[in-house]
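**Q** So TrEMBL lists these for the protein:
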| type | residues | note |
| --- | --- | --- |
| ACT_SITE | Cys79 | active site, nucleophile |
| ACT_SITE | His167 | active site |
| ACT_SITE | Glu169 | active site |
| BINDING | Ser221, Gly222, Gly223, Val224, Asp225, Ser226, Ser227 | ATP binding site |
| DOMAIN | 194-384 | domain 'GMPS ATP-PPase' |
Amino acid sequence: MPEKILILDFGSQYTQLIARRVRELNVYCEIYPFNNAPALTEDVKGVILSGSPCSVRDPEYPTLDLSQYLGKLPVLGVCYGAQLMAHEHGGEVTPSTIREYGRARLNEVHSQDRLFKELTIGSVVWMSHGDTIKEIPANFEVIASTESVRVAAYKLKGQETYGIQFHPEVTHSEEGKILLRNFVVHICDCQQDWTAEQFVEGTVAALQEQLGNDKVVLGLSGGVDSSVAAMLIHHAIGKNLYCIFVDNGLLRKDEFETVLDSYKHMGLNVKGVDAKDKFYSALAGLTDPELKRKAIGRVFIEVFDEEAHKIENVKWLAQGTIYPDVIESMSVNGPSATIKSHHNVGGLPDFMKLKVVEPLKTLFKDEVRLVGRTLKIEDTILGRHPFPGPGLAIRILGDITPQKVHVLQQVDHIFISNLKKSGLYDDVWQAGAILTPVQSVGVMGDERTYENVVALRAVTSIDGMTADWCRLPYEFLADVSNEIINKVKGVNRVVYDISSKPPATIEWE
Ligand code: XMP
């Protein structure tokens, strides 16, 4: 069991960021809803109480029994977490009378306090709160202030309990990372030994223990998560891992063949299943995006189940579930709101009765990539843009036919290979092309044409939740557009999508 920091979530939009910052310090941490925290065990070295959109002045403010942590191990309350501890000890939290949002400077700091080791006086911090701590309880002392916020940080006398009203986890807090390091390393005494190498070593050993000689089946998608999950399990149990890679006829041009080849090179026991026709028949005539998604999900399960049944005595289903899926499936609003399916291959059909193994379920996406690199997975797989499960079906507006898929594959291929050739691929979070049902008039040589419009989409993003359109160079777009119109029969006009998310989404359907 690695030592860890427990992060108790009161619903702040920044809670995951706190976890990521702690992990960047090579310290393992876990997030739990404040009302569903596990009992303290020896491996827990400290607790962080997150921020919250709530106020301690609400009659039903979220709280917990602080006595189980305070004085027993180091605690850091961030924003609401700090206000909560002050409130519960008899301090006074009132609505802010001045604006406590945006950048501020820590101009009075107890520099000798371990929380502020190596922080500069005047350091910029990010404030974002509607309430403020007006009076602290008697056994608290103020250890940092800004010009307008007297209680920017406090400490409980005689114990390692701290509260800060700013957000060290956001990058606007210039030295926030140093403060978090001070807490987890100097105050909680964490060893910073949680690395990708250590994760691989520990997980492979744990998988060997858990799976023994059992057979495991896993659906590969060509994406980062399923590939890394497969390699980890492969390291643990070798040929007892049976991978299935389904060609749904909605993948990118040549993707099925090239990715299948890469998997074989990696030594995986993988079976490619050509199920194109099944998917095309299920999709025939469907135009509604959700119906298309459902049809694809259903056929995938049918095909996967049929293949899995061919593996005699298989006991486990492996999935590439990652930590954000797990966090989303736990809610701070109580157990009633906690159940959400997070299976990324469309859900496990009940009748398969397989046990589920999810070796990546404690990792963030960037950590999955680091683990993949440690496992020496090719960059072409690790650096790949996200690609939706329903594939090109949700980039062909309207009904799906193999001919339309063929047209879009060619367009997409020209766009993506030019991004790679120009060195722009890695600057883009996700890119692709959309085949619209709109036809427009054009002229080619002496002939009038009446063909489809395609749209190109390229976005920057961190996690797909919000996104902005990429400012790709005009010359690049001009070359791609020319090549598409010259080479792809059936397309005579190319447009570029300049919508951000929100209010648009990344995919058109
Ligand atoms: P949107 O279009 O919601 O997409 O902005 C956000 C991210 O999710 C991907 N996406 C999907 N992935 N099944 C998936 O596995 C889906 O049905 C699906 N729809 C969207 C999208 O490609 C982007 O990365």
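Placed from the backbone N, Cα and C atoms, the Cβ positions cover glycine too.
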**Q** Just the number: how many Å between the Cα atoms of Ser226 (ATP binding site) and Glu169 (active site)?
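**A** For Ser226 (ATP binding site) versus Glu169 (active site), the Cα atoms are 29 Å apart.
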**Q** Tally every other Cβ atom lying within 10 Å of the Cβ atom of Ser221 (ATP binding site).
**A** 20
**Q** Taking the Cα atoms as reference points, how far is Ser221 (ATP binding site) from Glu169 (active site) in Å?
**A** 33
**Q** Cα-Cα, whole number of Å: Ser227 (ATP binding site) versus Cys79 (active site, nucleophile)?
**A** 39
**Q** Within 10 Å of the Cβ of Gly222 (ATP binding site), how many other Cβ atoms can you find? Include all protein chains, please.
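**A** Summing over all protein chains shown, Gly222 (ATP binding site) has 20 other Cβ atoms within 10 Å.
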**Q** Suppose we draw a 10 Å sphere around the Cβ of Glu169 (active site). How many other Cβ atoms does it contain, all chains included?
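**A** Taking every protein chain into account, the count is 25.
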**Q** Would you mind pulling the DSSP three-state label for Ser226 (ATP binding site)?
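**A** DSSP assigns Ser226 (ATP binding site) to helix.
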**Q** Using only C-alpha positions, which one of Cys79, His167, Glu169 is spatially nearest Gly222 (ATP binding site)? These are the active-site residues in the record.
**A** Glu169
**Q** For His167 (active site) and Cys79 (active site, nucleophile), determine the Cα separation and express it in whole Å.
**A** 7
**Q** Round to the nearest Å and give the CA-to-CA distance linking Asp225 (ATP binding site) with the residue listed as 'active site, nucleophile'.
**A** 34
**Q** Quick one: average pLDDT across the domain 'GMPS ATP-PPase' (194-384), no decimals.
**A** 90
